[in-house]
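*Asks:* Following this message is one structure expressed as structure tokens.
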Amino acid sequence: MAVLKVKFNQKKRVKLAQGLWLMNWFSVFAGILVFSMGLFLKIELRKRSEVMDNSESHFVPNCLILMGMLSCAFNGFAGKICHDSLDPAKFVKWKPLLKPYLALCFIFNILIFFVALICFLMRGSLDSTLAQGLKNGMKFYRDTDTPGRCFMKKTIDMLQIEFKCCGNNGYKDWFEIQWISNRYLDFSSKEVKDRIKSNVDGRYLVDGVPFSCCNPSSPRPCIQYQVTNNSAHYSYDYQTEELNLWLRGCREALLHYYSSMMSSMGAIVLLVWLFEMAVTVGLRLLHTSLESITNPEDPECESEGWVLENSLKDTFRSALENLKKIGKFNQVEADAEGGGGEDGGKTQTVATVS
């Protein structure tokens, strides 16, 4: 029993072809939208590539760019087919290509669906990438005189100001690294010497943070040094008082920013997938309705269109049988080649003995 079987007359076939032609051009614009989203996401990721550990995060924008390009190509080609289907003489040349083209459309729709899922599922990979990248970036914050790293201080400061965040997981991350360059330390000072000696790695660690961690909305002047020393500041208790520093870590801020962006893009790609599925089903109905015309010389005659000629179960079973036949055919060919080689060896051996 055919799936989604519909009867068509000439008027319905024309309306279907015209509707599909219009839908395909809408799909081309949707492909341009997907391409633009991938390009925008790639640019946004490249802006902060210094605080990302690897290039895996670019997998999503690359997929969006590829799907956008393929969508434009596939739907532009389908629009041409739908336009030519109005003229039987022009449609004849497309008949041999329609079945493989519809198979490619089916594979393309599966790929679009997986790209939409990836947009929702990349949060975990992005989390680990940001965590390690920010950790490394904070270590290089002080290297303002080192070639290749001199930009890191500006990058981290601008990041903390723009996203209203501090450190990797929080402001206390700055307590565990030396973020002040040795160039600006007075090594003749007893305090500096004591701090360096008290650390196993010989680093100058302080309970302070860079200026970019300060919250400008705070009513009191920024406390960025001796953050945990209550006696160093008047009427201050760092454990109970809300600090005038950004409390949210930059990893969380960036993860929220990129995750919300990719989730929105995933929802749009999902809508594009539904639209593409509708176009593919319409193309299949148009193809089968034109193929099933009993009298090609009478364009006014009725015909039937369907999505699947048999039921889902029968179609699946037929596909499996075809795959098995292909596998057996390849095996027979391999055995034939092996048998020919053995016969040749035997003949050569007999000839040598003679």
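Glycine is no exception: its Cβ is also placed from the backbone N, Cα and C atoms.
So TrEMBL says this about it:
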TRANSMEM  20-41  transmembrane segment
TRANSMEM  62-81  transmembrane segment
TRANSMEM  101-122  transmembrane segment
REGION    335-354  region 'Disordered'
*Asks:* Near the transmembrane segment (62-81), which same-chain residues lie under 8 Å Cβ to Cβ, leaving out any that are not at least 6 residues past its ends?
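*Replies:* Distant Cβ neighbours of the transmembrane segment (62-81) are 20-21, 24-25, 27-28, 30-39, 41-42, 91, 94, 98, 101, 104-105, 108, 111-112, 115, 118-119, 265, 269, 272, 276, 279, 283.
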*Asks:* Same chain, outside the transmembrane segment (20-41) by at least 6, Cβ under 8 Å from its Cβ: which residues?
*Replies:* 60-72, 75-76, 78-79, 82-83, 261-262, 265, 268-269, 272, 275-276, 278-279, 282-283, 286
